Amino acid sequence: MHTLRGGLHPQTVGSATTGSANKSQLSPSTFWLMGIPGLEHLHVWIGIPFCSMYIVAVMGNVTILAVVRAERSLHEPMFLFLCLLSVTDLVLSTSTLPRMLCLFWMGAHDFAFDACLTQMFFIHSFTAMESGFFLAMAIDRYVAICDPLRHATILTHNRITQMGVAVVLRGVGFFTPHPILLKQLPYCRSRIIAHTYCEFMAVVKLACVDTGATKRYSLTVAFGIGSCDCFFIAISYVLILRAVFRLPSREASLKALGTCGSHVCVIVVFYSTAGFTFLTHRFGQHVAPHIHILIANMYLLVPPFLNPIVYGVRTKKIRDYVLSTLRVKGN
């Protein structure tokens, strides 16, 4: 009997599910998404908070994009980076949530192979972009607080464009090989993916050839990008905190600490859940599958949900613009 993710046998995750997959007579171009192993009976209920978070993420990020576009005074580095992050969040959440909700609420388990690879590319490349834009925003905050007089001359629109293009090219360049590599592999094992979306490591384990080099490439790229970005973000915020504690005004220090603290919370959620998922692939063979998959969903769902709240609602200029627009419409 061939195994699924982390050595998990189909019987372990539910014989009924395996039976359904066998009955569907999957074609060679189709996979079968299982969902959350062991929690299939709760899929309908799990979909409710997931859908709520998705709605908030879409509304919040679209609002940020609309406000920054309409208000010329917001065409500053911080808000331009925030727009790039919002676009990334919209693509990342939309490439996973609607399909996941179809699985939870309509039992749409069949997933075309090419669609699976496309979703995988968007998930991994835009996750890398999210990490890159977190770093870009940390750099912006560092320059704004530690060298405010030169902020506008250092982070010009041209430089912001260059940074944005570099982040996008890095995500696309490093993760384009993923679907290409998987497209070349033969799949003679069970085509059941024990996951809620097409994740690289979950799919590559279904191949019937040695995929050690492919796995090492994926893990190395993910670890390299994540650890480098996380390291430089940490350095930026350490320097920011050092500058904040040197401010003469206690009120200014507390305000800066509050802003940086909320930013750090979002970043910690993103990197801790992504890091847990990475380490589980490498070392966590004994982690319960449903725990692994729920946390793997969190790093795709929570940042797009939290970012508009932390970076939007808590930003005075955006909040004031939205409130003034609502008052005008109310009158």
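The backbone N, Cα and C atoms fix where each Cβ goes, and this holds for glycine too.
Among the residue ranges 184-207, 256-279, the one that TrEMBL annotates as transmembrane segment is 256-279. TrEMBL assigns the feature transmembrane segment to residues 121-139, out of the candidate ranges 121-139, 140-158.
Highest Cβ contact count with the transmembrane segment (79-101) among the listed stretches 42-67, 121-139, 160-181, 256-279, 291-313 falls to 42-67 (criterion: pairs under 8 Å). Of the two recorded stretches, the transmembrane segment (42-67) lies close to the transmembrane segment (291-313), with three or more CB pairs under 8 Å once pairs fewer than 6 apart in sequence are set aside. Same-chain residues lying 6 or more positions outside the transmembrane segment (221-244) and placing a CB less than 8 Å from one of its CB atoms are 124, 128, 131-132, 134-135, 138-139, 141-142, 145-146, 170, 174-175, 253, 256-257, 260, 264, 267, 271, 274-275, 278. Counting residues 6+ beyond its ends, the transmembrane segment (160-181) has Cβ neighbours under 8 Å at 77, 80-81, 84, 117-118, 120-121, 124-129, 132-133, 136, 200, 214, 217-218, 221, 225 in the same chain.
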